[in-house]
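S.K.: Below: one structure in structure tokens.
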Amino acid sequence: MLEVRFIRENADRVRKAIQDKGEAVDFDRYLELDGVRREVVGERDRLRHEHNTASETIARLKRDGQDAAGQIADMKALSSQIKELDQKIRTIDTELTELRAAIPNIPHPSVPVGDVTANEVVRDWGKPREFSFSPLPHWEIGKTLGLLDFEAASKIAGAHFVLYRGLGARLERALINFMLDVSTKEKGYTEVFPPFLTNREAMFATGQLPKLEEDMYRCEVDDLFLNPTGEVPITNLHREEVLREDQLPLKYAAYTACFRREAGSYGRDTRGLLRIHQFNKVELVKFVVSESSYEELETLLSDAEDVLQRLGLPYRVVCLATRELSFAAAKCYDLEVWAPGVAQWLEVSSASNFEDFQARRANVRVRRSGKTGTELVHTLNASALATPRTVVAIIEHYQQEDGSVVIPEALRPYMDGLERLR
RNA sequence: GGAGAGGUGGCCGAGUGGUUGAAGGCAGCCGCCUGCUAAGCGGUUGUGGGGCUUAAAACCUCACCGGGGGUUCGAAUCCCCCCCUCUCCGCCA
């Protein structure tokens, strides 16, 4: 969410951001209402001032044991006038708040303007492997080796779910543990294990609501949402808090199961693990002081890259263009790993800087040492990878002609030293 | 789910209808003092909106005592609904 005054004073920038991101907000209506509101509030506050002054007089009269019946009668009229204006303001606020909540964050100047074709490949690492045979897609390998069981999953839950079986399940668990260990033992992230259900306030704070309500699973009786990404519970960990400067940067890592309805994406990535309703992630979140957030974005990105490098998976880093940026993000890098079986670059992580957009919604502030007052923190997050697509890449990249799959060395300690799935 | 207690500023904690934005303490900041440190003394320090200002500060003003409604000329204080925390009971992994 952007600051009301900022929007008013930078209407052009905001309008451009809305256009560049392709968001649908009636911005003219917003500006109009904002003006109306200011007028009405001004009038209301004038009346209230008058009212407050009179109240003091009444209080004084009463205290002195004098009669104040006349003043009280006058106040009745004023009081009801104020209530009318209050009601008017309430109506305006409802619409205004809704409009403001739909205004996206402003892209950083370094972000290319445009749609997916404007995405910039910043760098790549490793080379897609050359095969002397025709590489198979992961669902075939997974079935042959008994790692992935989509039939069972659909029996249990439905289409677009997976059941990992045997060493497949073990590989999944190994990946999670590996990523958590790297993040917590080597990179200084604090591990947390948050609830997988979150409430509306939390979803609003990180920007999933109101826009993405249809994309999430919702438990209607309790009005709770199944976690769509670890970013939500972790970022909300400090909601409504004032942090001390010396606590920053705060770095968290968490394993979470993630749930997405993927409404509207039927027909895309329909096979295998590419797009499923429930998946696992280890998420990294940082709370930082504003002036350091772009440096922190780079180190966050390299923390995520490091995981891929250790797994030996060729990838590229893509700076997303404005249209591809999420609602709350100011800048975002996608990490795409090459999956030879499906011959696609797969997004396994994205590192984003939200600047103070989420912090304003979540009201997470910092008190600077030696200064009065508080300011908003900046929040960032990245995945230390989403497992399904990482599993896809591992299985497809490390497949052998004999049908077996070599386990990346980094994962072997987590698989009892096993070197190969066969 | 039932019964009870409670939610006040960065923190602790007073306050049951009228100068209470809120006593007191802690922490912070600015001075003073003490040969250092600790202590002591005085002052000061909330957030958000609007106005004024080229801008900021200052200043004026409105709101904010878990959230939302209501009663009243006037609510942190009274009433209603909701959320959260704690204790006991019940139920259950």
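Heads up, the Cβ atoms here are built off N, Cα and C, so glycines get one too.
So TrEMBL lists these for the protein:
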{"type": "BINDING", "residues": "A:THR229, A:GLY230, A:GLU231, A:ARG260, A:GLU283, A:ASN381, A:SER383", "note": "L-serine binding site"}
{"type": "BINDING", "residues": "A:ARG260, A:ARG261, A:GLU262, A:GLU347, A:VAL348, A:SER349, A:SER350", "note": "ATP binding site"}
{"type": "COILED", "residues": "A:44-102", "note": "coiled coil"}
{"type": "DOMAIN", "residues": "A:185-408", "note": "domain 'Aminoacyl-transfer RNA synthetases class-II family profile'"}
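What does the local environment look like for each feature on the list?
M.R.: Around the Cβ of A:ARG260 (L-serine binding site), 20 further Cβ atoms fall within 10 Å across all displayed protein chains. Annotation note: A:ARG260 (L-serine binding site) sits in a coil segment as assigned by DSSP.
Residue environment of A:SER350 (ATP binding site) contains 22 other Cβ atoms, counted within 10 Å of its Cβ in all protein chains.
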S.K.: Quiz question: given the binding-site residues A:GLU231, A:GLU347, which has the greatest number of C-beta atoms lying within 10 angstroms of its own C-beta?
M.R.: A:GLU231
S.K.: Quick one: Cα separation, A:GLU283 (L-serine binding site) versus A:SER350 (ATP binding site), in Å?
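M.R.: Roughly 10 Å, rounded to the nearest whole number.
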S.K.: So, three-state DSSP: helix, strand or coil for A:GLU231 (L-serine binding site)?
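M.R.: It is helical.
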S.K.: Please average pLDDT over the domain 'Aminoacyl-transfer RNA synthetases class-II family profile' (A:185-408) for the predicted structure.
M.R.: 91
